[in-house]
Each structure stands twice: as C-alpha cells, then as structure tokens.
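Structure first, then comments.
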Amino acid sequence: MPAARLRVLTRNAALGPLDYRAPAEGVPVGSVVRVPLGPRELHGVVWEADRLPTTEVADAKLRPILGVAPVPPIPASVRRLVEWVAAYYLVPPAAVLRMVLSVTAALDGARTVTEYRVSGILPERMTEKREAALSSLGDAQGLVRELAEWSGVSDAVIRGLISAGAIEPITVSVDRAPPLPDPDFGPPVLEAEQDAAASALVAAVKAHDFAPFLLDGVTGSGKTETYLEAVAAAIDAGGQALVLLPEIALTEPFLRRFEARFGCKPVQWHSDLRSSERRAAWRAAASGTAKVVVGARSALFLPYPDLRLIVVDEAHETSFKQEDGVPYHARDVAVMRAQIEAIPIVLATATPAIETLAQVTRGRYRHLELASRFGGAQMPGIEAIDLRVTPPESGRWLAPPLVEAIKETLARGEQSLLFLNRRGYAPLTLCRHCGTRIECPNCTAWMVEHRLVKRLQCHHCGLVEAVPDACPECGEEHSLVACGPGVERIAEEVSALFPDANVALVTSDTIHSPAQAKALVDSALAGEIDIFIGTQLITKGYHFPELTLVGVVDADLALKGGDLRAGERSFQQISQVAGRAGRGEKPGHVYIQTHQPEAPVLAALVAGDAPGFYAAETEARRAAAMPPFGRLAAIIVSGPDEAEVAATARAIGRAAPTGIDGLTILGPAPAPLSLLRGRFRHRLLVHAARRADVQGLIAEWLGGTEVPRNVRVAVDIDPYSFV
Ligand SMILES: Nc1ncnc2c1ncn2[C@@H]1O[C@H](COP(=O)(O)OP(=O)(O)OP(=O)(O)O)[C@@H](O)[C@H]1O
Ligand SMILES: [Zn+2]
C-alpha cells in the first residue's frame with residue numbers, strides 16, 4: 001500500500017511544494033503543520049495535491065511531518081486566494097502563503113499570563129497606600145503594572161500586597177476573545193440617502209453572495225456611518241467583517257466612530273502592533289472570535305473562517321498598492337477574496353478610481369451614491385490663486401490672498417489647513433558656489449533637508465546624514481542653500497506671519513502610530529490647533545468641524561509626475577483635502593495656489609465638475625488603450641552591477657514576444673530611479689489589450705531567459721509606479 005502522502009506548501013518562496021508522510025490518523029487539508037527540511041523545521045500548510053503539482057519523491061524517501069500546529073486549518077477560501085494571487089501576480093504561492101502565516105508566534109499553542117485581583121484577605125500590616133490601593137481596585141483584574149496604574153500606587157505596593165496574600169494571582173489565556181461588538185449599541189439615525197445605501201448593503205450581507213458595491217459619497221456624506229450598518233449585519237449574522245484602511249493614521253478617527261457605534265474597539269491589524277498584540281490579533285481572526293478586524297492591506301490575508309463583508313475605505317488610495325515583496329493591489333485582491341468567499345464588498349470613496357468607475361459602467365459593480373453632506377453641511381467653495389498674477393513675496397510660498405484668508409480665519413477663531421505633499425524643510429540642497437546638488441549615494445534622488453531634526457534624509461532608502469557645514473564637492477563653507485519648500489518651511493513662514501497661532505505639523509515624520517493620531521485628533525477637537533500644515537496624511541478621513549479654510553500650497557506638484565494617473569491623482573488629492581473644509585455648521589473655503597489655473601484638473605475642481613473631469617479622463621484612457629481599457633505590466637531588472645543589469649535587460653528585450661496583436665513593449669531603458677538602495681535598475685513596460693493573457697505571455701517570455709545570480713527580475717502586474 002502506498003504511504004499516505006501530504007503535499008505541503010511552506011512559507012519559503014525558494015522552495016516548491018514538498019511531500020511528507022502523513023501520520024496514521026491522517027491530517028485534514030488546510031492544516032498548519034511543522035515539517036523537517038534537512039536539519040531545519042518549517043511551518044507549512046497541507047494542500048490539495050492536484051492543485052499544486054510538484055516532482056514527487058519516492059514513497060520510501062518520504063519523511064514524516066513533525067506535528068500539526070494547534071491552530072484552525074487554513075480555510076479553502078484562503079487557499080484559493082493564495083493560488084489566485086500567485087497566478088495573477090506571477091509570484092510563488094509560498095510567497096503569498098507567507099502573508100497568510102505572517103505571525104510565527106501565533107502558530108504555537110495557547111499561552112497564558114498571570115493577572116492579579118483583590119483576594120478579600122486583608123494584609124497583616126495595613127498602610128495608607130495599601131488601603132487606598134485595595135479600596136480603589138474593587139474587582140479589577142490585570143497585570144501588576146496595570147493594577148498599580150489604576151490605583152495610583154507604585155508597583156512595589158502591589159507586589160507587597162501580593163506577598164501578603166491580599167492580591168491573588170489568576171492564570172488567564174492571552175488568547176482571550178476580543179470584546180464582542182454590539183450591533184445595537186449606538187445605531188445612528190440615517191438620512192434618507194444613507195438609509196437607502198445602507199439597506200442595499202445590509203440586504204447583500206444577508207444574501208451571503210458576491211456583490212461588489214461602489215459607495216460613492218461626497219466628502220462628509222457619512223460613508224462610514226453607512227457602511228457600519230453592513231458591518232452590524234455581518235456581526236448579527238454571526239460572521240466576521242473586515243475594514244481595510246489605507247494608512248495607520250486613519251485608524252484613530254475610525255476607532256472613535258466604531259466604538260460609538262458598537263460599544264468597543266475592533267481588532268486592529270497594522271505594522272505598529274506589539275508582537276503580543278499581533279499574535280493575539282492573528283489568532284482571534286483565525287479562530288473567528290474577532291468579529292471585526294480593521295487594518296492595513298495585509299489584513300486581507302488573515303485566515304478568517306467566516307468572513308461576511310469586506311469594506312475598502314478610501315478605496316481610490318494608491319497606497320493600497322504594495323510595491324515591495326508581492327506587488328499586489330489590495331483593492332483588487334479584496335474583490336477577488338469577496339468573490340471567492342461569496343460575500344459583498346464595499347469600495348467607499350468620495351473620489352473613485354477610474355478603474356472602479358469603469359466597473360460600474362460595465363455593470364459589474366453597483367453604484368450607491370451619497371450626493372450631499374450629512375446634516376445639511378455645504379460643500380466648500382473652491383477658488384484658484386493664480387501665482388502668475390498674485391505671487392508670494394520673494395522667499396515666501398504663501399500668496400497674499402491665502403495669507404489674508406488665514407488671517408481672517410484666525411480672527412474668527414476657526415481652523416485652517418495648508419496642504420503640501422512634501423515632507424521636510426526643503427526638497428533640494430544646493431551649493432551656491434559650485435551648483436552641486438546634494439544627492440543620495442544609493443539612489444537617484446536628492447537628499448531632503450529635515451531641519452527639525454537637523455538632518456538630510458533620502459526618502460527612498462532612508463539614509464540619514466548630518467547637514468554639512470561646507471559643500472561636499474567644492475569645500476566652500478556656508479554655501480549650501482535650501483531650495484523649494486517642504487511642510488517644515490511652510491510652518492516656519494506661518495509662524496513668522498502669525499506668531500501667536502498654534503501650528504500642528506502632520507506628516508509621516510510626526511504621525512506614525514495610532515497613538516500619535518489620537519493625540520492629534522484630541523487636540524484638534526479641543527481647539528488647541530489653529531493651523532494644520534500637512535502632507536497627504538492630513539487630506540482624508542479627518543472630521544474637524546471648526547476647520548473652515550483649506551489652502552493647497554502647490555497644486556502643480558502632483559501634475560508634474562506625468563504618469564498615466566497624474567491627473568486623476570491630483571484631482572483626488574485636492575478634492576480630498578478640500579473636503580476637510582466646512583464639514584460642520586460653518587461654511588468652508590478652499591484656495592488652490594497654481595501657475596496653471598487653466599489645467600483641466602484644476603478647472604474642473606474650481607467649477608465643481610467632477611463628472612466632467614471623470615468623463616474626460618476616462619475618454620483619454622480609452623483613446624490610449626490605457627488601464628482599465630488596456631493592460632500594463634512592468635518588468636524591473638535590478639542588481640548591484642550596472643553592466644550586468646543592462647545586459648540582462650537587453651537580453652530580455654531581445655527575447656520579447658513579437659507579432660501579437662495590440663502588444664507593445666517599451667524599453668528596456670534605465671529606470672527614472674535608475675539607482676535605488678544601491679541597486680541599478682532598468683525597466684521594460686508591456687502594454688497589451690484588455691483581454692490579453694499578459695501573465696501567460698510574460699511567464700513564457702521570462703521563463704526562457706537566463707538571469708545571473710546577482711540580478712533580480714521582478715514583474716509588476718498593473719503597475720502604479722513608473723519610476
Ligand atoms: N446618520 C448620521 N448620524 C449622525 N452623525 C452622522 C451621520 N452620518 C454622518 N455623520 C457624521 O457626519 C460626519 C461626516 O461623516 P463621515 O466622516 O463618515 O463622512 P465621509 O463620507 O466618510 O467623508 P470623507 O470621505 O470626507 O471622510 C462625521 O462626523 C459623522 O460622524
Ligand atoms: Zn537613498
């Protein structure tokens with residue numbers, strides 16, 4: 001009789017599927033198992049053998065598995081998702097499984113911690129502090145540190161009470177189920193439009209079938225309140241719901257709404273979690289005890305056993321596209337997961353991606369619209385400031401009409417927001433004497449001055465250097481000058497103009513954890529901030545009722561990129577930031593500083609003509625057969641040796657398929673970012689018809705090329721970055 005064989009997919013992308021001997025009692029498909037590989041021990045998942053072909057080893061050579069991990073099996077839907085992502089993005093399935101089994105510590109058995117609570121026994125020696133601690137603790141239970149904090153005494157006092165028997169230890173599982181959100185805790189009174197949209201979503205959750213929705217509501221229309229009704233329906237049905245947010249900084253405003261609606265916090269999943277929190281979150285998602293998970297794009301790969309709803313909030317955001325590792329787009333993968341799970345998915349945004357709107361036009365997504373702001377708030381008026389007509393004073397960046405508007409807003413006691421999508425003080429440092437620009441040695445990029453921390457920083461590789469006293473090229477002292485503004489420089493100008501105003505800088509340098517976002521929201525709502533100055537981080541998700549003025553410092557910046565989505569991105573970014581103004585009772589106003597007010601994007605924004613903008617942009621894409629009317633894929637060749645990289649790229653170029661209708665291949669050519677983190681980069685861009693099998697074509701093409709050991713060839717399907 002042949003040995004019972006298990007096909008196991010590990011998390012090691014360099015390995016194909018491996019076969020092992022099953023124990024006599026068998027192991028169900030999907031189980032997480034520990035397997036030997038040489039002297040090592042790996043985790044893997046038992047897969048359907050017919051879905052994952054490999055070269056089989058002889059029965060006699062099969063090694064037995066080491067054991068089954070004490071976690072629920074990875075559901076079939078997740079296994080199908082892994083296969084789809086691997087096939088679509090042309091990456092090994094193991095690389096995708098790695099994103100599913102992302103927390104090794106979560107794969108061990110249950111763990112316990114010791115918590116403490118008042119035992120009822122009085123200590124022999126009673127002190128004032130001991131008495132105060134015991135009486136204030138009541139039935140509270142927690143770690144020593146927590147009890148000390150709650151009762152306002154030192155850890156030592158609590159420890160003394162433990163030795164005296166007045167506080168007793170309790171062993172608790174760290175895998176305690178997270179709090180259960182209560183769908184009836186704080187249901188909102190929905191406005192008619194919101195109610196119609198929410199009813200459609202709730203019905204779809206109840207139907208438990210694949211149903212993609214675009215929840216297209218103007219800024220401040222209450223999209224969150226609306227889709228939370230669908231989340232409530234998922235909880236009611238006993239299942240799980242996932243809400244994806246594009247950035248950690250947006251978690252805080254979301255958590256507040258969630259808690260008001262459901263009486264507790266959802267389970268969070270993001271890069272700022274402590275390892276114990278990460279482990280607990282993974283296990284709660286995998287066991288089904290986490291009813292709602294809110295998180296970054298990687299939350300999409302958690303093995304929820306009973307998912308009923310996915311929401312992608314700010315669904316137009318390009319940060320849903322992952323650029324490193326497996327280059328996937330979380331919005332697209334989310335739709336695929338919803339399809340596999342047979343559940344509804346909600347793409348919520350005020351500024352849909354052209355791709356998403358095209359799916360609405362094709363009849364694939366249902367369009368739910370919220371055309372007006374909640375509570376009768378009006379959309380802000382938008383006005384362009386033509387910098388050719390009213391330029392800022394020399395050495396300054398804010399034009400007189402904007403300065404005047406800030407002054408008036410301050411006088412009314414209201415808040416202003418200045419948006420400039422550039423971190424740091426100045427994007428370029430130049431030697432006045434010899435003209436040298438200070439560049440990153442590892443990247444094709446200028447070093448950006450961060451004056452607050454007195455450093456030059458590369459925004460690509462993270463290299464940090466002291467600001468030199470003399471020009472590194474010609475040695476001239478005090479010759480370096482900052483060119484152009486970053487947010488820190490705008491803050492400097494604002495502080496000089498309005499010395500009494502409270503200014504908050506909001507960038508990824510100042511806000512990189514939910515705790516910092518919370519502090520920002522708290523002080524903003526308490527009226528402690530007069531002027532926000534921020535990058536794209538401040539442009540979305542926030543709701544500050546006293547914020548009535550928005551100034552876009554440089555609207556031309558986003559248009560410069562020149563890639564296929566530059567126009568769309570500027571429109572979205574400026575609409576979003578404009579959407580922060582006048583969300584409460586007071587009307588909002590927006591000024592856009594530009595040298596080209598006649599540019600179609602800006603003209604549409606000023607005219608409030610979103611449909612016109614989308615129609616023109618869509619038409620342009622259609623005419624050029626660009627996504628979503630055609631397909632793109634990038635091939636990026638990189639390595640430490642420039643000649644080797646160039647030669648490999650040329651070889652790939654020569655082997656390119658020819659004579660295929662609608663297929664064009666651009667390049668190879670050095671990438672705009674031709675040096676990144678010390679690696680030289682060349683690119684090719686594949687442009688194909690919408691229905692072309694781009695993946696099949698590329699797989700075959702690249703399958704036939706020799707790649708030197710030091711060179712990496714990466715494929716980016718549906719690329720968003722062209723640098
Ligand atoms: N039905 C409702 N009852 C009570 N408050 C509501 C209701 N709908 C919306 N709100 C409140 O109105 C404000 C705006 O809503 P919300 O921030 O959800 O809008 P949004 O559509 O997500 O906007 P944006 O896209 O700009 O982030 C919030 O303070 C929200 O709590
Ligand atoms: Zn660099």
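Note: Cβ is positioned from N, Cα and C throughout, glycine not excepted.
Any TrEMBL annotation is an automated prediction that lacks curation.
Features as listed in TrEMBL:
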BINDING   CYS431, CYS434, CYS471, CYS474  Zn(2+) 1 binding site
BINDING   CYS440, CYS443, CYS458, CYS461  Zn(2+) 2 binding site
DOMAIN    204-370  domain 'Helicase ATP-binding'
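Among the binding-site residues listed (CYS440, CYS458, CYS461), CYS440 has its Cα nearest to the Cα of CYS474 (Zn(2+) 1 binding site). For ligand 2, no neighbouring binding-site residues occur among CYS431, CYS434, CYS471, by Cβ distance under 6 Å. Spatially, by CA atoms, the binding-site residues CYS440, CYS443, CYS458, CYS461 include one closest to CYS471 (Zn(2+) 1 binding site), and that is CYS440.
When the C-alpha distances from CYS434 (Zn(2+) 1 binding site) to the binding-site residues CYS440, CYS443, CYS458, CYS461 are tabulated, the minimum falls on CYS440. Ranking the binding-site residues CYS440, CYS458, CYS474 by the number of CB atoms within 10 A of their own CB puts CYS440 at the top. Between the listed binding-site residues, namely CYS431, CYS434, CYS443, CYS461, CYS471, the fewest other CB atoms within 10 angstroms of a CB are found at CYS434. CYS440 (Zn(2+) 2 binding site) sits 15 Å from CYS431 (Zn(2+) 1 binding site), taking the C-alpha atoms as the reference points. Excluding CYS431, CYS434, CYS471, CYS474 themselves, the residues of that chain whose CB lies within 8 A of the CB mean position for the Zn(2+) 1 site are, in sequence, ARG432, HIS433, GLY435, THR436, PRO472, GLU473, GLY475, GLU476, SER479. Taking the centre of the Cβ atoms of CYS440, CYS443, CYS458, CYS461 as the Zn(2+) 2 site, the nearby residues of that chain (Cβ within 8 Å, site residues left out) are PRO441, ASN442, ALA445, MET447, HIS459, HIS460, GLY462, LEU463, LEU676, ARG677. Separation of the C-alpha atoms of CYS431 (Zn(2+) 1 binding site) and CYS458 (Zn(2+) 2 binding site): 18 Å, rounded to the nearest whole number.
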